[in-house]
Amino acid sequence: MDRLGSFSNDPSDKPPCRGCSSYLMEPYIKCAECGPPPFFLCLQCFTRGFEYKKHQSDHTYEIMTSDFPVLDPSWTAQEEMALLEAVMDCGFGNWQDVANQMCTKTKEECEKHYMKHFINNPLFASTLLNLKQAEAAKTADTAIPFHSADDPPRPAFDSLLSRDMAGYMPARADFIEEFDNYAEWDLRDIDFVEDDSDILHALKMAVVDIYHSRLKERQRRKKIIRDHGLVNLRKFRLMERRYPKEVQDLYETMRRFARIVGPVEHDKFIESHALEFELRREIKRLQEYRTAGITNFCSARTYDHLKKTREEERLKRTMLSEVLQYIQDSSACQQWLRRQADIDSGLSPSVLMASNSGRRSAPPLNLTGLPGTEKLNEKEKELCQVVRLVPGAYLEYKSALLNECHKQGGLRLAQARALIKIDVNKTRKIYDFLIREGYITKA
């Protein structure tokens with residue numbers, strides 16, 4: 001450890017030569033018999049046979065150099081120390097600048113070596129960096145490898161999602177263009193000098209105070225965006241769509257007051273009104289049962305089934321008004337009757353239109369190169385191809401349905417359709433797939 005600890009790219013970090021007091025440059029000599037403190041000599045003093053007090057020129061010695069591997073055969077000890085110093089200077093994750101400072105390794109090599117030996121190998125890290133914690137590190141958990149986060153997302157520059165996020169840069173937690181982006185222009189020509197009059201000095205100070213107030217407004221807006229989670233606009237809209245239409249209208253109205261209260265209080269207010277709406281709807285349903293003389297839920301299920309049957313029969317009875325429109329035209333009347341007969345036989349109107357028009361069904365969607373494809377398994381890829389849904393949208397819909405199912409303890413198809421407002425047939429296929437694969441459960 002002493003040997004490794006003496007290696008550094010900065011000569012001033014090493015002890016000076018005992019002969020000429022110059023900074024030591026590798027390789028240099030360490031006397032094996034003198035010390036402590038250690039007795040170091042540069043090559044010039046060693047070749048002259050320098051002697052000092054108890055040190056004699058015939059003492060045994062060691063050649064101090066860092067040109068040997070420690071952890072990896074392709075990495076020398078000097079490169080190991082240079083890597084640690086570069087990470088300390090440039091910051092973890094800034095591998096391009098780390099590689100530029102080292103000059104001998106690429107950024108991929110630096111990242112791979114550092115993650116392998118200093119992040120994912122806690123036993124070695126504790127042994128090398130802190131011997132006192134070696135015993136405790138034997139029972140320590142394995143370090144978690146670094147993975148980039150998906151929330152907020154990191155879209156490509158100038159993409160549609162990047163424009164939706166107003167140019168937000170997640171790595172810097174800042175925007176490309178600030179609110180009131182040209183506020184600094186008012187200060188570019190201001191210069192405080194001793195010859196300024198009192199009025200001119202007060203005027204300049206007033207401009208600075210105005211600039212400070214504009215900075216405070218900029219920070220206030222940033223805080224509102226971050227606290228309320230408004231950066232990821234798509235996720236925010238999905239969360240809003242899980243409410244019924246009446247609650248969505250309230251959500252839209254109360255959005256302007258979100259800046260006054262905190263995010264937790266605002267969410268509690270909306271959730272409480274959503275719960276109130278559900279309770280009112282449930283009370284109305286129970287009152288309908290009581291009016292009909294129903295006193296148990298078993299009878300209520302029979303009542304709902306019969307009510308649905310009556311509604312369907314009522315809709316069928318209105319067909320008489322439709323056929324009366326064609327009573328004067330016999331050919332049109334026969335065509336309408338044939339269409340109704342096909343519908344009664346089990347064919348949907350969409351199938352009839354497709355068969356009449358002769359149109360072909362849309363081909364499966366090609367997922368090659370689409371973002372998010374690598375996150376899908378084979379069954380999910382097949383679903384996206386058949387439904388013609390891009391992987392990114394499918395992952396957002398899946399996450400929204402999973403969260404709602406976990407929150408409610410189950411999910412109905414009607415709730416899924418209210419949550420993801422796309423084609424109802426696509427929603428049904430996604431819902432059936434998630435049920436079949438065990439991702440969600442029916443309510």
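Every residue gets a Cβ built from N, Cα and C, even glycine.
Feature annotation from Swiss-Prot assigns zinc finger to 12-69; the stated evidence is sequence analysis.
The Zn(2+) 1 binding site annotation in Swiss-Prot covers C17, C20, C42, C45. Neighbour density for C20 (Zn(2+) 1 binding site): within 10 A of its CB lie 13 other CB atoms from the protein chains shown.
Taken from Swiss-Prot, the feature domain 'SANT' covers 70-122, and the record attributes it to sequence analysis. For the domain 'SANT' (70-122), the model's average pLDDT works out to 84.
If you look up Swiss-Prot, you'll see 426-435 marked as DNA-binding region.
Same-chain neighbours of the DNA-binding region (426-435): 379-380, 383, 386-387, 389, 394, 397-398, 401-402, 411, 413, 416-417, 420, 441-442, counting only residues six or more beyond its ends whose CB sits under 8 Å from a CB of the stretch.
Long-range Cβ proximity for C17 (Zn(2+) 1 binding site), meaning a same-chain Cβ under 8 A and a gap of 6 or more residues, is found for Y23, L24, Y28, F40, L41, C42, C45.
According to its DSSP assignment, C45 (Zn(2+) 1 binding site) is helical.
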